[in-house]
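S.K.: So that we are looking at the same thing, I have put the structure below in structure tokens.
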Amino acid sequence: MKFLPYIFLLCCGLWSTISFADEDYIEYRGISSNNRVTLDPLRLSNKELRWLASKKNLVIAVHKSQTATLLHTDSQQRVRGINADYLNLLKRALNIKLTLREYADHQKAMDALAEGEVDIVLSHLVTSPPLNNDIAATKPLIITFPALVTTLHDSMRPLTSPKPVNIARVANYPPDEVIHQSFPKATIISFTNLYQALASVSAGHNDYFIGSNIITSSMISRYFTHSLNVVKYYNSPRQYNFFLTRKESVILNEVLNRFVDALTNEVRYEVSQNWLDTGNLAFLNKPLELTEHEKQWIKQHPNLKVLENPYSPPYSMTDENGSVRGVMGDILNIITLQTGLNFSPITVSHNIHAGTQLSPGGWDIIPGAIYSEDRENNVLFAEAFITTPYVFVMQKAPDSEQTLKKGMKVAIPYYYELHSQLKEMYPEVEWIQVDNASAAFHKVKEGELDALVATQLNSRYMIDHYYPNELYHFLIPGVPNASLSFAFPRGEPELKDIINKALNAIPPSEVLRLTEKWIKMPNVTIDTWDLYSEQFYIVTTLSVLLVGSSLLWGFYLLRSVRRRKVIQGDLENQISFRKALSDSLPNPTYVVNWQGNVISHNSAFEHYFTADYYKNAMLPLENSDSPFKDVFSNAHEVTAETKENRTIYTQVFEIDNGIEKRCINHWHTLCNLPASDNAVYICGWQDITETRDLINALEVEKNKAIKATVAKSQFLATMSHEIRTPISSIMGFLELLSGSGLSKEQRVEAISLAYATGQSLLGLIGEILDVDKIESGNYQLQPQWVDIPTLVQNTCHSFGAIAASKSIALSCSSTFPEHYLVKIDPQAFKQVLSNLLSNALKFTTEGAVKITTSLGHIDDNHAVIKMTIMDSGSGLSQEEQQQLFKRYSQTSAGRQQTGSGLGLMICKELIKNMQGDLSLESHPGIGTTFTITIPVEISQQVATVEAKAEQPITLPEKLSILIADDHPTNRLLLKRQLNLLGYDVDEATDGVQALHKVSMQHYDLLITDVNMPNMDGFELTRKLREQNSSLPIWGLTANAQANEREKGLSCGMNLCLFKPLTLDVLKTHLSQLHQVAHIAPQYRHLDIEALKNNTANDLQLMQEILMTFQHETHKDLPAAFQALEAGDNRTFHQCIHRIHGAANILNLQKLINISHQLEITPVSDDSKPEILQLLNSVKEHIAELDQEIAVFCQKND
């Protein structure tokens, strides 16, 4: 049973909670206030009293945006805070029940007021009452001011700054323009939470915070007591807290205003002080009671000049901007909030009281002035608001006594009123007047003074901050306390009355709090420069004068030393320069005195001789071992003219440098020495040994060139004769053949002789080309396994007719082992043998020519071929043998025969390339023997040489051949040769015409001259290969050099043949094309099967369709290009559509795809490059189709 009451209470609580959950508000259970402040009874009218008696309960709405300092709930759901204390006072003053409801936001509370659910809305802090015709606002219950906050350690930061700073705020209060008035370059960071904003300043992320003084001070008191500090209050924009009622609730509004009026500044201060440790400005809620005259004076004097002493902490200090700080700075800040007066500081360097001597209007107020009856005649004093005792300051020592001793030096500021009194109390002490007490602390610490008279607050601050372990203070007995107040010019009694009213409104506790705040303020630095600047300037001036005079004396002493050093340096520089200049010369130079001794030389002189022979070079020139003994044989005979004109004597001779004799061009000249009567010789030489050798070598080469020119002229004369002779014979035979008087046998003989003469002419040209190949290094040997006896026998057999015609016995014998092969180039070996055999038969008129061949073994795989060619001809003298193997040279007997004089030279070089040797033995009138020895590899396999039956040459049928040559005769000859072989031939006069014909018609072979106008054969071949043409191409050239053939093959020719082109050569190469005629043409793009199906295999109709397609596309495509360029989109699409349609009929897939892409691509400036690319693709594709159409039409004619 004992648990029933608790169960009942729990159920009631749950029911009430559920009921609150169904509403838009939470109803508080009461007001919790421990404030014992009482108000005087309100003077209410009978009507107001009757209304309150009938009302009995006032429902007041608040909302969650109220800060904890103003209103918050405890664990019992009772409200606490500054507003709660005011509501508790309202409850007691009106003797009425109050019901508090909390709404989610301000708007819902106002809606409840409008609907009559509540009687009053207690607003949050706003800058002005709401503008609503249905709502009435009372006088402000709370007034707050913007507060500037920074870190405790940086409390002396300037209160205004043009520099960039970071400033935090909450909910955009205060506005940007207000902040920028003091900090024009501020970066403003807005927070939604006050704690985060203050924490950002404490952590150093921001420099300042600006916000409401009540809320900010409450948060600092709770969480940032030791890190943040309020350094200034601003007069605007202020924030207010109102009671809001309905417009018709006139009586309620009047009652609430009477309550607000009853809240004196003292009551407000006491209520706020219960919640704030600092920043309580509640005593400013009601303005000062100023007379109209005082208000008018403030309007006329809004700005006042303040004489400020920066060296009187904690009363008065300045920051870097010169603003007044310290206790007096905070008091002036409060007076500004009370009166609107602005204070401009004027700094006094030494003694603030000296300001009283300024001219009238030079100052308006002195803060922190110590009252003195003597000075009251000059200035007005406000009522004292700080009193502090006087103290003695002395050095701290173990045996320190709190008294003054005889003979002590004691400093006292001259403006202290107890100066005369202390002199009477301590006559044995030496009293020293000072301008400033703060500056004298350091002198006491240094022992310059024994004691100092100061106020207790000033002494406490200075010792605690600067001399905690060096100084201490004690009270001066029997003297009155110092009274601090404000001083004014005697002509400003109104200002005195205004300041007195403002000071009286400040609670004494607030003055004590400000004093304690600055005494405990850390890290405040006092700039004492002005106190010591005069002494510093005096000492500095004397030091500068002393240093300057010393420097002048030093300069005077060092001037002569420097001058000597400069002269010495110039001399050393000249010597060094001359030495470097001499050593940098590539040619040797040296100096010889009048006695002939070498007194100086450069490095090239020393390096020219060997180390041992250098000693001889340094000997006097008269010494016989000196290499220059002949230089000065007449040196002393130099005339006066030589001395004046500096004539340079040169002579060329040879000297020994220790290794060899060198030829030099030596020079010398005379140099007079002005400082003495003596003279020296400056000498040198240039080595011209190489130059002399080069000139000699050039002379030799010049003679060789002259001889070569003569030999070449002789060769040209010989060659012109050798070439002219067979050409004349050919022309003579042709002339005979053109007539009709020859019989058939004579004609055959004439043709045969003309052909043989032409072959000899080709052989002559071949010899010249062989020489060029050999000398250029392009002749390549191609060794093969060869049966040497058989090769020699066949070669001899070919010369049998010539030997028989001259009745010369030609024999060929061999001791070669049977069944042996040797590895050798058969063509080169045969050429050597043929040349030597031809010469032997040429120069032998009777007798015999013998050829013997043998093989000398070296080992199993190597041997040496030895072959001799012996004739019984005219023989050669020794002089002729010396010239025999030289180019273009012929013997006297040879010049009587035809020949180029190159044969033996070619033989010599070919044998040399085969690592062999060619020698001769000859005697005039007896004969000549040539001996050849060639090292070779041998094979012991059985050699089987079978005569291969000549394979019949099979020529291809139906070849379509194109000839390109600019020479009509060459085209006619080649065309007749091909016609003779049964082929149809087409002609082109240059490469351009040939390229066009190939593009329009199919050919199986192109034979082109390499040298043609407009486009030569090489360029024609490159163009065709760039079109991926596989057409066989033969090049024809009259230039028989190998590089010409290589050039043709490199540009893509299949063959490069040399003119003249014989029928046998043509047959041989044409036989390799025998498969061409049997290969069916391949079509990459034409669909022949589709064409056959659409035309019932009618070849004529197929050709007509293809020719029509070719004709129409060649009209439409250029028209499309022109339309695109002109911007005629309609014509452009018509042309493309026709091409697309024709491609569909012939089933040309690639052309279908490209034309379709062109049709669907919109024509614009952006797409124009893409369309041009597609049109070029169509153009290239149609060119390929033209070739295939030409092939089809040609094959089906």
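Using N, Cα and C of the backbone, Cβ positions are placed for all residues, glycine too.
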S.K.: Pick from 95-115, 326-346, 788-808, 809-829: which range has transmembrane segment per Swiss-Prot?
M.R.: 326-346
S.K.: Within 10 Å of the Cβ of Asp1009 (4-aspartylphosphate), how many other Cβ atoms can you find? Include all protein chains, please.
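M.R.: For Asp1009 (4-aspartylphosphate), the count of other Cβ atoms within 10 Å is 23.
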S.K.: Where does the mean pLDDT land for the topological domain 'Cytoplasmic' (22-325)?
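M.R.: Taking every residue in the topological domain 'Cytoplasmic' (22-325) and averaging pLDDT yields 89.
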S.K.: List the helix, strand and coil residue totals of the domain 'HPt' (1098-1197) as derived from DSSP.
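M.R.: Split by secondary structure, the domain 'HPt' (1098-1197) comes out as 86 helix, 0 strand, 14 coil.
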S.K.: Any same-chain residues 6+ apart from His1137 (phosphohistidine) with CB under 8 Å of its CB? Would you list them in sequence order, or say none?
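M.R.: Same-chain residues close to His1137 (phosphohistidine) (Cβ under 8 Å, separated by 6 or more) are Glu1159.
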S.K.: Quick check on the domain 'Response regulatory' (960-1074): DSSP residue counts for helix, strand, coil, in that order please.
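M.R.: Secondary-structure composition of the domain 'Response regulatory' (960-1074): 53 helix, 24 strand, 38 coil.
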